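S.K.: Let me give you the structure first, and then I'll get to my questions.
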Amino acid sequence: MAKKTPGNNGKQKLFCSFCGKEQDAVKRLVAGPGVYICDECISLCNEIIAEDHEHSHEKSEVFSEVPSPADIKSILDQYVIGQDHAKKALSVAVYNHYKRVNLKEKKSDVEIEKSNILLIGPTGSGKTLLAQTLARIIKVPFAIVDATALTEAGYVGEDVENIILKLIQNADNDIKKAEVGIIYIDEVDKIARKSDSASITRDVSGEGVQQALLKIIEGTVANVPPQGGRKHPHQEYLQVDTKNILFILGGAFVDLPNIIKSRTGIKTIGFGSEEQRIQSENKDVLMEQVIPEDLIKFGLIPEFIGRLPIVATLQELNVDMLRQIFREPKNSVLKQYTRLLELENVKLTFHDEAIDKIAELAIKRESGARGLRAIVENIMLDLMFDIPSRKDIEEVIITAEVIANRVAPTLILKKESKIA
């Protein structure tokens, strides 16, 4: 309500409804229905609006400098060994996705569809690491969710909208940032329907989840419960537009090679270890020939596959690749442990033969790159417990015997004495 007070001449004096200044103290007072605003407050409002517009413009240009596909792959190469085909496919898809986001901000007439990605590869082949690294390169919020925890609405388990909540939380509750983030849905092969024909019974953690994910992956305004959990009618929701969220889905799809083999007729031959090698190579060749019909036969519904235009396959890791993974990436297991011991002024040395044994053990356990850390954690546990309490150790040497036969590592003491 505008402020009015009686003046000396009996006339009412008018005041600005916002700052309280009298009409005589300002250049101009603009009247509205029951309110007044002075020229100074109008100027201040203009400044605030201009500042908001500037910030909005800055947000729309966040991805104006998206790295080129070659630059994205070059950074991926620093963290992930091998998998060149998958890295190229991901680099192009991510580049195009965020260029598409810019295009929408600039209100282009051309509608470019989303480039959601399906990664197919064995456990420990680098699917999650690739997705995490992409989010770091583009500098966007990132969330990982397990598809096996999801169920369709009305059943025990997580609603699919909760995957958006994790992204919001990782974006420091900034919904605008979350709306251009990346979500990695792991173990998506576990939500395949139980057979490739429609079932008359409910498949609440399979086809039902695929159906529930369709709209979110394609792009919709999702109602997200702010505290997570199940939705109920009298609850307030966070509204999140998913049209610019990049979805990367990953899974091992263990039986998929057999489906492709039955379609293509490719056979594997060989004997002993040679047979294993040939089968592994043939499996990689088979996986590269995957087509949508194979995925439908596996148990993904056609509408779901249609929302995943980019399909990239990852190779099964061999001993040579695991050796490289152990040594070479920026955040390799070897470099991490070397740095941890450096902080204690201790040198860490792994013999080449020890690294060979670690790689062979990871292959035997079928745990891929993820298994490397588990093996080394087990070997290094006692050392990592003891070393911070000791100041006499100069170097720790890990030999093949340490890995193969669980003998104690060699410790070189600062007084040149050796304890084996």
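A Cβ is built for glycine as well, from the same backbone N, Cα and C atoms used for every other residue.
So Swiss-Prot lists the following for this protein:
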DOMAIN    4-57  domain 'ClpX-type ZB'
BINDING   Cys16, Cys19, Cys38, Cys41  Zn(2+) binding site
BINDING   Pro122, Thr123, Gly124, Ser125, Gly126, Lys127, Thr128, Leu129  ATP binding site
S.K.: So of all those binding-site residues, Cys16, Cys19, Cys38, Cys41, which one's Cα sits nearest to Gly126 (ATP binding site)?
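M.R.: It is Cys41, whose Cα lies nearest.
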S.K.: Taking only the binding-site residues Cys19, Cys38, Cys41, which one has a CA atom nearest to the CA atom of Leu129 (ATP binding site)?
M.R.: Cys41
S.K.: Which is it, of Cys16, Cys19: the one of these binding-site residues whose Cβ has the most other Cβ atoms within 10 Å?
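M.R.: Going through Cys16, Cys19 one by one, the largest Cβ count within 10 Å is at Cys16.
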S.K.: Pick out which of the binding-site residues Thr123, Ser125, Thr128 has the most other Cβ atoms within 10 Å of its own Cβ.
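M.R.: The residue with the most neighbouring Cβ atoms within 10 Å is Ser125.
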S.K.: If I take the Cα of Pro122 (ATP binding site) as reference, which of the binding-site residues Cys16, Cys19, Cys38, Cys41 has the closest Cα?
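M.R.: The smallest Cα gap between Pro122 (ATP binding site) and any of the binding-site residues is with Cys41.
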S.K.: Across the whole of the domain 'ClpX-type ZB' (4-57), what does the mean pLDDT come to? Round it, please.
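M.R.: Averaging the confidence scores along the domain 'ClpX-type ZB' (4-57) gives 80.
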S.K.: Where the distance is taken from Cα to Cα, which of the binding-site residues Cys19, Cys38, Cys41 turns out closest to Thr123 (ATP binding site)?
M.R.: Cys41
S.K.: Where the distance is taken from Cα to Cα, which of the binding-site residues Cys16, Cys19, Cys38, Cys41 turns out closest to Lys127 (ATP binding site)?
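M.R.: Considering only the listed binding-site residues, the nearest one is Cys41.
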S.K.: For Cys16 (Zn(2+) binding site), identify the closest of the binding-site residues Gly124, Ser125, Thr128, judging by Cα separation.
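M.R.: Looking at Cα distances from Cys16 (Zn(2+) binding site), the smallest one goes to Thr128.
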S.K.: For the ATP site given as Pro122, Thr123, Gly124, Ser125, Gly126, Lys127, Thr128, Leu129, which other residues of the same chain have their Cβ within 8 Å of the site's Cβ centre?
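M.R.: Same chain, not in Pro122, Thr123, Gly124, Ser125, Gly126, Lys127, Thr128, Leu129, Cβ within 8 Å: Gly121, Gly250, Leu314, Gly368, Ala369, Arg370.
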S.K.: Have a look at the binding-site residues Gly124, Ser125, Thr128 and say which one has the shortest Cα distance to Cys19 (Zn(2+) binding site).
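M.R.: Nearest listed residue in space: Thr128.
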S.K.: Same-chain residues six or more away whose CB lies under 8 A from the CB of Cys41 (Zn(2+) binding site)?
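M.R.: The answer is Cys16, Phe18, Cys19.
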S.K.: On the three-state reduction of DSSP, what should I expect for Thr123 (ATP binding site)?
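M.R.: Note: Thr123 (ATP binding site) is coil by DSSP, not helix or strand.
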S.K.: Could you find out if DSSP has Cys38 (Zn(2+) binding site) as helix, strand or coil?
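M.R.: Cys38 (Zn(2+) binding site) sits in a strand per DSSP.
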S.K.: Do me a favour and check the Cα-Cα span between Ser125 (ATP binding site) and Cys38 (Zn(2+) binding site); whole Å is fine.
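M.R.: Just about 66 Å between their Cα atoms.
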